[in-house]
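Okay, structure first, notes after.
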Amino acid sequence: MQNHLSSRRVNNFDFLRFLFAVFVIITHSYALSGLESQQDLLQHITNNQASFSSIGLSGFFVISGYFIFKSFERSSHFYEYLKKRVLRVFPALLVVLLLSLLFVGSIYEGKTPLLLNSSFWTYLPNNLSLYGFQGVISGVFEENSYHSINGSLWTIQYEFSLYLAIALLFFIKGRPIFITIVISFIVLVMLSMYHLWIDTFGGVKILGMQGLHILNLGSFFVVGSLLAILDFTKWNSKMLVSLLFIIILVFFKIGLYNQVKHILFPPFIVGLGFLPVKHISNFSKFGDPSYGIYIYAFPVQQLLIYLYRPIIEIFIILSISISILFGYLSWHLIEKRAMLYKQRRS
(Lines of atoms letter the chains of each structure in order from A and count residues from 1; the text may use other names and numbers.)
(Lines give C-alpha, C1' and ligand atoms only; values in the text may rest on other atoms or scores of the structure.)
Protein backbone atom coordinates (compact mmCIF):
# COMPACT_ATOMS: atom_id res chain seq x y z
CA MET A 1 0.00 0.00 0.00
CA GLN A 2 3.03 2.20 -0.45
CA ASN A 3 3.32 4.74 -3.22
CA HIS A 4 5.49 7.49 -4.65
CA LEU A 5 4.01 10.80 -5.68
CA SER A 6 6.67 12.12 -7.98
CA SER A 7 8.99 10.69 -10.61
CA ARG A 8 6.73 7.71 -11.17
CA ARG A 9 7.73 5.23 -13.80
CA VAL A 10 4.95 3.93 -15.97
CA ASN A 11 3.90 0.59 -14.51
CA ASN A 12 0.87 -1.39 -13.39
CA PHE A 13 1.40 -1.33 -9.62
CA ASP A 14 -1.23 1.31 -8.87
CA PHE A 15 -3.79 -0.72 -10.77
CA LEU A 16 -2.68 -3.94 -9.05
CA ARG A 17 -3.01 -2.33 -5.61
CA PHE A 18 -6.46 -1.07 -6.61
CA LEU A 19 -7.43 -4.56 -7.78
CA PHE A 20 -6.12 -6.17 -4.59
CA ALA A 21 -8.13 -3.75 -2.44
CA VAL A 22 -11.26 -4.70 -4.40
CA PHE A 23 -10.41 -8.39 -3.96
CA VAL A 24 -10.44 -7.95 -0.18
CA ILE A 25 -13.89 -6.33 -0.37
CA ILE A 26 -15.28 -9.26 -2.37
CA THR A 27 -14.27 -11.88 0.20
CA HIS A 28 -15.33 -9.75 3.15
CA SER A 29 -18.76 -9.31 1.55
CA TYR A 30 -19.62 -12.96 2.10
CA ALA A 31 -18.54 -13.06 5.73
CA LEU A 32 -20.16 -9.73 6.64
CA SER A 33 -23.40 -10.81 4.96
CA GLY A 34 -23.54 -13.88 7.17
CA LEU A 35 -22.66 -16.11 4.21
CA GLU A 36 -19.31 -17.23 5.56
CA SER A 37 -20.02 -20.82 4.54
CA GLN A 38 -20.49 -19.65 0.94
CA GLN A 39 -17.16 -19.47 -0.88
CA ASP A 40 -16.16 -16.58 -3.09
CA LEU A 41 -15.56 -17.49 -6.73
CA LEU A 42 -11.81 -17.86 -6.34
CA GLN A 43 -12.17 -20.17 -3.35
CA HIS A 44 -14.52 -22.31 -5.43
CA ILE A 45 -12.22 -22.39 -8.47
CA THR A 46 -9.08 -23.18 -6.45
CA ASN A 47 -10.74 -25.70 -4.13
CA ASN A 48 -10.24 -23.33 -1.19
CA GLN A 49 -6.49 -22.94 -1.76
CA ALA A 50 -6.91 -19.19 -2.19
CA SER A 51 -9.59 -16.54 -1.81
CA PHE A 52 -9.82 -13.09 -3.34
CA SER A 53 -8.76 -11.57 -0.01
CA SER A 54 -5.76 -13.89 0.44
CA ILE A 55 -4.53 -13.04 -3.06
CA GLY A 56 -5.15 -9.36 -2.35
CA LEU A 57 -3.21 -9.34 0.92
CA SER A 58 -0.41 -11.43 -0.56
CA GLY A 59 -0.12 -9.01 -3.46
CA PHE A 60 -0.11 -5.98 -1.17
CA PHE A 61 2.77 -7.38 0.86
CA VAL A 62 4.80 -8.42 -2.19
CA ILE A 63 4.52 -4.96 -3.75
CA SER A 64 5.17 -3.29 -0.42
CA GLY A 65 8.27 -5.41 0.17
CA TYR A 66 9.65 -4.47 -3.23
CA PHE A 67 9.06 -0.74 -3.00
CA ILE A 68 9.83 -0.33 0.69
CA PHE A 69 13.29 -1.72 0.03
CA LYS A 70 13.66 0.73 -2.85
CA SER A 71 12.63 3.50 -0.46
CA PHE A 72 15.30 2.30 1.98
CA GLU A 73 17.90 2.52 -0.79
CA ARG A 74 16.87 6.10 -1.64
CA SER A 75 16.80 7.27 1.99
CA SER A 76 20.03 8.80 3.23
CA HIS A 77 19.35 8.06 6.89
CA PHE A 78 16.95 6.30 9.26
CA TYR A 79 14.96 9.43 10.16
CA GLU A 80 14.20 10.22 6.51
CA TYR A 81 13.06 6.66 5.89
CA LEU A 82 10.89 6.51 9.02
CA LYS A 83 9.30 9.88 8.28
CA LYS A 84 8.23 8.62 4.85
CA ARG A 85 6.65 5.54 6.36
CA VAL A 86 4.85 7.43 9.13
CA LEU A 87 3.43 10.03 6.73
CA ARG A 88 2.24 7.30 4.39
CA VAL A 89 0.40 5.28 7.02
CA PHE A 90 -0.81 7.45 9.87
CA PRO A 91 -2.57 10.57 8.46
CA ALA A 92 -5.19 8.54 6.55
CA LEU A 93 -5.46 6.05 9.41
CA LEU A 94 -6.12 8.83 11.92
CA VAL A 95 -8.86 10.32 9.73
CA VAL A 96 -10.70 7.02 9.20
CA LEU A 97 -10.59 6.33 12.95
CA LEU A 98 -11.96 9.79 13.78
CA LEU A 99 -14.72 9.50 11.17
CA SER A 100 -15.62 6.08 12.55
CA LEU A 101 -16.04 7.56 16.02
CA LEU A 102 -18.22 10.33 14.60
CA PHE A 103 -20.68 8.00 12.86
CA VAL A 104 -20.78 5.61 15.82
CA GLY A 105 -22.90 8.11 17.73
CA SER A 106 -25.76 7.83 15.24
CA ILE A 107 -25.98 4.02 15.34
CA TYR A 108 -24.98 3.30 18.93
CA GLU A 109 -27.42 0.95 20.70
CA GLY A 110 -25.60 0.16 23.94
CA LYS A 111 -27.26 0.40 27.34
CA THR A 112 -24.41 2.49 28.73
CA PRO A 113 -24.28 6.11 27.47
CA LEU A 114 -21.76 6.30 24.65
CA LEU A 115 -19.49 8.78 26.41
CA LEU A 116 -19.35 6.49 29.44
CA ASN A 117 -18.45 3.49 27.30
CA SER A 118 -14.75 2.78 27.86
CA SER A 119 -14.39 0.99 24.51
CA PHE A 120 -15.40 4.22 22.75
CA TRP A 121 -12.46 6.06 24.32
CA THR A 122 -9.92 3.30 23.73
CA TYR A 123 -10.81 2.77 20.07
CA LEU A 124 -8.68 5.62 18.71
CA PRO A 125 -5.49 5.20 20.78
CA ASN A 126 -5.52 1.41 20.54
CA ASN A 127 -5.81 1.36 16.77
CA LEU A 128 -3.52 4.32 16.20
CA SER A 129 -0.83 2.56 18.22
CA LEU A 130 -1.09 -0.31 15.68
CA TYR A 131 -0.20 -2.90 18.32
CA GLY A 132 -3.43 -2.74 20.30
CA PHE A 133 -5.90 -3.49 17.52
CA GLN A 134 -9.48 -2.96 18.69
CA GLY A 135 -12.22 -3.83 16.25
CA VAL A 136 -15.26 -3.50 18.50
CA ILE A 137 -17.01 -0.72 20.36
CA SER A 138 -19.66 -2.40 22.51
CA GLY A 139 -23.15 -1.40 21.43
CA VAL A 140 -22.16 -0.91 17.78
CA PHE A 141 -23.09 -3.36 14.99
CA GLU A 142 -24.20 -5.93 17.56
CA GLU A 143 -26.95 -7.18 15.22
CA ASN A 144 -24.47 -7.65 12.37
CA SER A 145 -22.82 -11.02 11.76
CA TYR A 146 -19.51 -9.40 12.72
CA HIS A 147 -19.37 -6.68 15.36
CA SER A 148 -16.05 -5.15 14.33
CA ILE A 149 -16.14 -1.58 13.01
CA ASN A 150 -13.01 -1.96 10.92
CA GLY A 151 -11.73 -5.50 10.81
CA SER A 152 -9.25 -4.73 8.03
CA LEU A 153 -6.92 -2.67 10.21
CA TRP A 154 -5.27 -5.71 11.80
CA THR A 155 -2.85 -6.08 8.88
CA ILE A 156 -1.35 -2.60 9.27
CA GLN A 157 0.62 -3.61 12.36
CA TYR A 158 2.26 -6.41 10.38
CA GLU A 159 3.15 -4.12 7.50
CA PHE A 160 4.53 -1.35 9.70
CA SER A 161 6.55 -3.88 11.68
CA LEU A 162 8.13 -5.01 8.41
CA TYR A 163 8.92 -1.37 7.63
CA LEU A 164 10.77 -1.20 10.95
CA ALA A 165 12.55 -4.47 10.20
CA ILE A 166 13.85 -3.05 6.91
CA ALA A 167 15.02 0.02 8.85
CA LEU A 168 17.46 -2.19 10.75
CA LEU A 169 19.40 -2.50 7.50
CA PHE A 170 20.66 1.06 8.06
CA PHE A 171 23.24 -0.53 10.36
CA ILE A 172 24.80 -2.17 7.32
CA LYS A 173 23.82 0.30 4.60
CA GLY A 174 26.51 0.77 2.00
CA ARG A 175 27.38 -2.92 2.07
CA PRO A 176 25.10 -4.35 -0.67
CA ILE A 177 26.58 -7.84 -0.66
CA PHE A 178 26.08 -8.15 3.09
CA ILE A 179 22.51 -6.85 2.77
CA THR A 180 21.80 -9.43 0.05
CA ILE A 181 23.13 -12.20 2.28
CA VAL A 182 21.08 -11.00 5.28
CA ILE A 183 17.80 -10.74 3.33
CA SER A 184 18.41 -14.09 1.62
CA PHE A 185 19.02 -15.70 5.00
CA ILE A 186 15.83 -14.16 6.41
CA VAL A 187 13.86 -15.44 3.41
CA LEU A 188 15.26 -18.94 3.95
CA VAL A 189 14.49 -18.90 7.68
CA MET A 190 10.94 -17.56 7.27
CA LEU A 191 10.05 -19.99 4.51
CA SER A 192 11.45 -22.88 6.54
CA MET A 193 9.49 -21.84 9.62
CA TYR A 194 6.27 -21.42 7.62
CA HIS A 195 6.46 -24.60 5.58
CA LEU A 196 8.23 -26.95 8.00
CA TRP A 197 7.46 -25.76 11.52
CA ILE A 198 4.20 -23.81 11.26
CA ASP A 199 2.60 -26.00 13.94
CA THR A 200 5.31 -24.86 16.35
CA PHE A 201 5.48 -21.18 15.47
CA GLY A 202 2.02 -20.46 14.02
CA GLY A 203 0.36 -19.87 17.38
CA VAL A 204 3.15 -17.77 18.87
CA LYS A 205 2.23 -14.13 19.54
CA ILE A 206 4.64 -11.19 19.40
CA LEU A 207 3.26 -7.75 20.34
CA GLY A 208 -0.21 -9.14 19.65
CA MET A 209 0.78 -10.37 16.19
CA GLN A 210 0.18 -14.03 15.40
CA GLY A 211 3.10 -16.16 14.24
CA LEU A 212 1.11 -17.57 11.33
CA HIS A 213 0.50 -14.12 9.85
CA ILE A 214 4.04 -12.92 10.60
CA LEU A 215 5.46 -15.84 8.65
CA ASN A 216 2.89 -15.85 5.83
CA LEU A 217 2.62 -12.12 5.12
CA GLY A 218 6.22 -11.52 6.14
CA SER A 219 7.47 -14.10 3.65
CA PHE A 220 5.68 -12.36 0.79
CA PHE A 221 7.19 -9.06 1.94
CA VAL A 222 10.80 -10.21 2.28
CA VAL A 223 10.73 -12.12 -1.01
CA GLY A 224 9.47 -8.89 -2.60
CA SER A 225 12.43 -7.09 -1.00
CA LEU A 226 14.82 -9.75 -2.27
CA LEU A 227 13.50 -9.23 -5.80
CA ALA A 228 14.28 -5.53 -5.41
CA ILE A 229 17.82 -6.31 -4.22
CA LEU A 230 18.40 -8.65 -7.16
CA ASP A 231 16.98 -6.06 -9.59
CA PHE A 232 14.40 -8.51 -10.89
CA THR A 233 13.45 -6.17 -13.74
CA LYS A 234 16.64 -7.20 -15.57
CA TRP A 235 15.16 -10.64 -16.16
CA ASN A 236 11.54 -9.65 -16.47
CA SER A 237 9.67 -10.39 -19.70
CA LYS A 238 6.23 -11.28 -20.96
CA MET A 239 7.45 -14.83 -21.48
CA LEU A 240 8.64 -15.13 -17.87
CA VAL A 241 5.40 -13.71 -16.45
CA SER A 242 3.35 -16.01 -18.68
CA LEU A 243 5.44 -19.00 -17.63
CA LEU A 244 5.05 -18.17 -13.94
CA PHE A 245 1.29 -17.80 -14.42
CA ILE A 246 1.04 -21.21 -16.08
CA ILE A 247 3.14 -22.84 -13.35
CA ILE A 248 0.96 -21.26 -10.65
CA LEU A 249 -2.15 -22.62 -12.40
CA VAL A 250 -0.58 -26.08 -12.50
CA PHE A 251 0.11 -26.00 -8.76
CA PHE A 252 -3.46 -24.89 -8.12
CA LYS A 253 -4.65 -27.79 -10.26
CA ILE A 254 -2.63 -30.38 -8.34
CA GLY A 255 -3.53 -28.83 -4.98
CA LEU A 256 -0.04 -27.68 -4.00
CA TYR A 257 -0.27 -23.90 -4.42
CA ASN A 258 0.24 -23.22 -0.71
CA GLN A 259 3.53 -25.12 -0.81
CA VAL A 260 4.99 -22.87 -3.53
CA LYS A 261 3.10 -19.58 -3.19
CA HIS A 262 5.91 -17.63 -1.50
CA ILE A 263 8.33 -18.60 -4.27
CA LEU A 264 6.16 -18.23 -7.38
CA PHE A 265 3.64 -15.51 -6.54
CA PRO A 266 6.08 -12.63 -5.72
CA PRO A 267 8.04 -12.72 -9.02
CA PHE A 268 4.78 -13.11 -10.91
CA ILE A 269 3.31 -9.99 -9.29
CA VAL A 270 6.47 -7.90 -9.59
CA GLY A 271 6.93 -9.05 -13.17
CA LEU A 272 3.32 -8.30 -14.02
CA GLY A 273 3.65 -4.89 -12.39
CA PHE A 274 6.49 -3.85 -14.67
CA LEU A 275 5.00 -5.06 -17.95
CA PRO A 276 3.69 -2.11 -19.97
CA VAL A 277 -0.05 -2.44 -20.51
CA LYS A 278 -1.86 0.25 -22.47
CA HIS A 279 -4.27 2.34 -20.33
CA ILE A 280 -3.61 0.29 -17.19
CA SER A 281 -0.04 1.61 -16.93
CA ASN A 282 -1.43 5.15 -16.73
CA PHE A 283 -3.91 4.27 -13.99
CA SER A 284 -2.02 6.42 -11.47
CA LYS A 285 -2.89 9.67 -13.26
CA PHE A 286 -6.08 9.76 -11.20
CA GLY A 287 -4.25 9.07 -7.93
CA ASP A 288 -3.73 5.98 -5.80
CA PRO A 289 -6.95 5.09 -3.95
CA SER A 290 -5.86 1.61 -2.82
CA TYR A 291 -4.95 2.41 0.79
CA GLY A 292 -8.10 4.48 1.22
CA ILE A 293 -10.25 1.73 -0.29
CA TYR A 294 -8.68 -0.78 2.06
CA ILE A 295 -9.18 1.19 5.29
CA TYR A 296 -12.69 2.49 4.48
CA ALA A 297 -14.26 -0.59 2.92
CA PHE A 298 -14.95 -2.53 6.11
CA PRO A 299 -16.88 0.23 7.95
CA VAL A 300 -18.71 1.04 4.70
CA GLN A 301 -19.74 -2.60 4.39
CA GLN A 302 -20.77 -2.86 8.04
CA LEU A 303 -22.92 0.24 7.70
CA LEU A 304 -24.59 -1.11 4.55
CA ILE A 305 -25.40 -4.36 6.34
CA TYR A 306 -26.69 -2.50 9.39
CA LEU A 307 -28.97 -0.20 7.39
CA TYR A 308 -30.13 -2.25 4.40
CA ARG A 309 -28.94 -5.89 4.44
CA PRO A 310 -28.83 -6.03 0.61
CA ILE A 311 -28.52 -9.27 -1.33
CA ILE A 312 -24.92 -10.34 -1.87
CA GLU A 313 -24.61 -9.18 -5.50
CA ILE A 314 -25.94 -5.69 -4.74
CA PHE A 315 -23.89 -5.60 -1.55
CA ILE A 316 -20.64 -6.27 -3.42
CA ILE A 317 -21.38 -3.64 -6.07
CA LEU A 318 -22.34 -0.98 -3.50
CA SER A 319 -19.38 -1.82 -1.27
CA ILE A 320 -16.88 -1.51 -4.09
CA SER A 321 -18.40 1.66 -5.53
CA ILE A 322 -18.65 3.56 -2.24
CA SER A 323 -15.23 2.38 -1.07
CA ILE A 324 -13.62 3.56 -4.31
CA LEU A 325 -15.18 6.98 -3.74
CA PHE A 326 -13.76 7.13 -0.22
CA GLY A 327 -10.43 5.85 -1.52
CA TYR A 328 -10.06 8.72 -3.97
CA LEU A 329 -11.24 11.25 -1.40
CA SER A 330 -8.69 9.91 1.06
CA TRP A 331 -5.95 10.13 -1.55
CA HIS A 332 -6.66 13.66 -2.73
CA LEU A 333 -7.62 15.19 0.62
CA ILE A 334 -5.26 13.40 3.01
CA GLU A 335 -2.61 11.08 1.59
CA LYS A 336 -1.45 13.22 -1.33
CA ARG A 337 -1.08 16.25 0.92
CA ALA A 338 0.86 14.26 3.49
CA MET A 339 3.23 13.05 0.79
CA LEU A 340 3.70 16.56 -0.57
CA TYR A 341 4.55 17.66 2.96
CA LYS A 342 7.02 14.81 3.16
CA GLN A 343 8.73 15.96 -0.05
CA ARG A 344 8.86 19.61 1.04
CA ARG A 345 10.42 18.63 4.35
CA SER A 346 12.94 16.16 2.89
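Backbone N, Cα and C atoms are what each Cβ position is placed from, and that goes for glycine too.
If you look up TrEMBL, you'll see 11-325 marked as domain 'Acyltransferase 3'.
The transmembrane segment feature in TrEMBL is assigned to 12-31 (among others).
With a threshold of 8 Å between CB atoms, the same-chain residues lying at least 6 positions outside the transmembrane segment (51-69) that come near it are 1-4, 13, 16-17, 19-24, 26-28, 39-43, 85, 155, 159, 162-163, 166, 217-218, 220-225, 227-229, 261, 265-266, 269-270, 273, 294. Among the features that TrEMBL reports, transmembrane segment is placed at 51-69 (among others).
Same-chain residues lying 6 or more positions outside the transmembrane segment (89-108) and placing a CB less than 8 Å from one of its CB atoms are 114, 117, 120, 123-124, 127-128, 137, 139-141, 149-150, 153, 156, 159-160, 291-292, 295-296, 299, 303, 306, 330, 334-335, 337-338. What TrEMBL lists as transmembrane segment is 89-108 (among others).
Within the same chain, residues 1, 57, 60-61, 64-65, 68-69, 72, 77-78, 81-82, 85, 89, 93, 127, 130-131, 133, 135, 178-179, 182, 207-209, 213-214, 217-218, 221-222, 225, 295, 298 sit at least 6 positions outside the transmembrane segment (153-172) and bring their C-beta atoms closer than 8 Å to a C-beta of that stretch. Summarising the annotation, TrEMBL assigns transmembrane segment to 153-172 (among others).
Beyond the ends of the transmembrane segment (177-198), by six or more residues, the same chain brings 169, 212, 215-216, 218-219, 222-223, 225-226, 229-230, 259, 262-263 to within a C-beta distance below 8 angstroms of the stretch. Among the features that TrEMBL reports, transmembrane segment is placed at 177-198 (among others).
Within the same chain, residues 57-58, 61-70, 73, 155, 158-159, 161-162, 166, 176, 179-180, 183-184, 186-187, 190-191, 193-194, 198, 201-204, 262-263, 265-267, 269-271 sit at least 6 positions outside the transmembrane segment (210-232) and bring their C-beta atoms closer than 8 Å to a C-beta of that stretch. For 210-232 (among others), the entry in TrEMBL reads transmembrane segment.
Listed by sequence, the residues of this chain that lie at least six past the ends of the transmembrane segment (239-257) yet keep a Cβ under 8 A from its Cβ atoms are 46-47, 49-50, 264-265, 267-268, 271-272, 275. Annotation source TrEMBL lists transmembrane segment at 239-257 (among others).
The transmembrane segment annotation in TrEMBL covers 314-334 (among others).
Away from its own ends, the transmembrane segment (12-31) comes close to residues 1, 3, 38-40, 43, 51-57, 59-60, 63, 67, 145-146, 151-152, 269, 272-275, 277, 280-281, 283-284, 288-291, 293-294, 297-298, 301, 312, 315-316, 319-320, 323-324, 327 of its chain (Cβ-Cβ under 8 Å, at least six residues beyond either end).
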